[in-house]
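For reference, the structure is listed below as structure tokens.
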């Protein structure tokens, strides 16, 4: 077996589909989605930056969520688009590893940012009098810094476990980007230990942050139901509902992808992946800002 690290082999990304007539319509669709993702998220970041009325913790977190969305869709979409357009689907070993590493980093950061946002809303709605002291600018920076720190360390572990072995045989990655299970499937060495370790860390990150989100929204709903005025109850409920829809799509597809054994993975994975790599980053700025005037 040739050591993947020494020979620098190329990988071939099989892409979303090998049907020739589907390439052009998919290119058009994904290009449109990517442009809307960039416009929506960059627009939101600029707006939060220039409008003093938006210099609040909620919009501070939202701007960072948009940054993560822009980054991880840019790690995946341009390569996927050029593959669909030109049919050149090779990617170098270093390129493949870099793509996976950055993707893992920004997706993990997004989980922690979503948890920070849920906590922020929880304090705002359930403990409004403590809000200014609890969610101070310093606390916000700490939460964002910790999100990126944990995400960076997690991504290093994921990448080391995924690309640490040697690769042999046809290096055909059955996916539109270098993702965990399609890459691990190409390793010559036994990957069960790596898979178990990745599974454990992904579970800790995914379940840890989703528990914070669920507890926060549970408390919020409890508080909302106790509100006297119907309009404020409806407004708070709408905001929470839209946030929960976004969180559910993101986490639902992530859990489907990463919390199942490698042997169970199949072509449905590509459809699930499209949701959190392509669709979710496009929808977030709309979902999170629509309900807030």
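Each residue, glycine too, has its Cβ placed from N, Cα and C.
What TrEMBL lists as transmembrane segment is 26-51 (among others). Within its own chain, the transmembrane segment (26-51) has Cβ neighbours under 8 Å at 16-17, 59-60, 62-63, 66-67, 69-70, 73-74, 77-78, 80-81, 84-85, 278-279, 281-282, 284-286, 289, counting only residues six or more beyond its boundaries.
What TrEMBL lists as domain 'G-protein coupled receptors family 1 profile' is 40-288.
Only residues 6 or more beyond the boundaries of the transmembrane segment (58-80), in the same chain, are considered here, and those with a CB under 8 A from a CB of the stretch are 13, 15-16, 30, 33-34, 37-38, 40-42, 44-45, 48-49, 91, 99, 102-103, 106-107, 109-110, 113-114, 116-117, 120-121, 124, 137, 140, 143-144, 147, 176-177, 277-278, 280-282, 284-285, 288-289, 292. Among the features that TrEMBL reports, transmembrane segment is placed at 58-80 (among others).
If you look at the transmembrane segment (100-119), the same-chain residues 6 or more away from its ends with a CB under 8 A from one of its CBs are 58, 61-62, 64-65, 68-69, 71-72, 75-76, 143-144, 146-148, 150-152, 154-156, 158-159, 162-163, 177-180, 183, 205-206, 208-210, 212-213, 216-217, 243, 247, 250-251, 254, 276-277, 288. Among the features that TrEMBL reports, transmembrane segment is placed at 100-119 (among others).
What TrEMBL lists as transmembrane segment is 140-161 (among others). Under 8 Å from some Cβ of the transmembrane segment (140-161) lie the Cβ atoms of residues 57, 60-61, 64, 97, 100-102, 104-106, 108-109, 111-113, 116, 119, 180, 194, 197-198, 201-202, 205, all in the same chain and six or more residues away from its ends.
Nonlocal intrachain contacts for the transmembrane segment (196-215), taken as residues 6+ away from its ends with a CB within less than 8 angstroms of a stretch CB, comprise 108, 111-112, 114-115, 118-119, 150, 154, 157-158, 161-162, 180, 247, 251, 254-255, 258-259. TrEMBL lists 196-215 (among others) with the feature transmembrane segment.
Annotation source TrEMBL lists transmembrane segment at 236-259 (among others). Proximity of distant same-chain residues to the transmembrane segment (236-259), defined by a Cβ-Cβ separation under 8 Å and at least 6 residues beyond the stretch ends, is recorded for 107, 110-111, 114, 117-118, 121, 125, 179-181, 198-199, 202-203, 206, 210, 213, 217, 220-221, 224, 227, 269, 272-273, 275-276, 279-280, 283-284, 287-288, 290-292.
Annotated transmembrane segment per TrEMBL: 271-290 (among others), in sequence order.
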Beyond a gap of at least 6 residues from its ends, the CB atoms lying under 8 Å from the transmembrane segment (271-290) belong to 16, 30, 33-34, 36-37, 40-41, 43-44, 62, 65-66, 69-70, 72-73, 76-77, 103, 107, 117, 175-177, 179, 242-243, 245-246, 249-250, 253-254, 256-257
